[in-house]
């Protein structure tokens, strides 16, 4: 059950980690909303709800991260209690009954990266609250940019290779009869197979002794031709997040290049009710609905900056 829950929650996390970046591609969304390709008014209203969609994906990531961690704690306990002495390569624990679950969670690559990702996610979530964003916007801004660290760790997290599958099912079907292993365990081979395996037989089974299950299937015995071989699952997270992550990185680079162009302040007007109007001009710039600018005044604060919506 722990493996089922961890795998299911991991699939949900992969989907949401893919979708959470798309609403932050603001240049792309502004282009789609202002172009004639999106003619439907309902679709344009959905594009205006990009922030709500982003927050929804973020909350979903937090919820299923907690579920994923809880399932892996159960898995770590099961790995230590159900140590498999027949197939040593499948074990994540070092020995049967390894009681130090924290050791398994920290030493293994998925465990170590998972702990760091939980800490990064906790910082991002707490800094995203309304109180922190209003009191100190820079805390929200810089901690939210830790998502680069989160995604790098996410790619490493799935490369641990804890879960494995068998690659030679034809040569070693489940439940087959392995003469080599049987003799090592002081068991004997039936008389009917002495000629097939003369090097492996010592004393035959009694004639009245039937071959037990699961060696006999459909009235015949399945013989293993080789030892089982296992291989780690290929990580699937790359398929989910590589596209949106590359798209977002390209957009951030474009926005950085565009932000280096000079801006000229033409006038500053003080209105009643403590309203300040700032008129600015920027070459090759056309305001679109929903856009906002991040204003930074170094004389007031070296780090603090705040977003303001464009009115015209």
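Note: Cβ is positioned from N, Cα and C throughout, glycine not excepted.
These features come from TrEMBL:
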TRANSMEM  12-32  transmembrane segment
DOMAIN    28-154  domain 'Ferric oxidoreductase'
TRANSMEM  53-74  transmembrane segment
TRANSMEM  103-127  transmembrane segment
TRANSMEM  139-158  transmembrane segment
DOMAIN    263-311  domain 'FAD-binding 8'
Same-chain residues at least 6 beyond the ends of the transmembrane segment (53-74) whose Cβ lies under 8 Å from its Cβ atoms: 1-3, 5-6, 9-10, 12-13, 16-17, 19-20, 23-24, 101, 105, 110-111, 114, 117-118, 121, 124-125, 128
Segment confidence, the domain 'Ferric oxidoreductase' (28-154), expressed as mean pLDDT: 80
The domain 'FAD-binding 8' (263-311), counted residue by residue under DSSP: helix, strand, coil: 0 helix, 27 strand, 22 coil
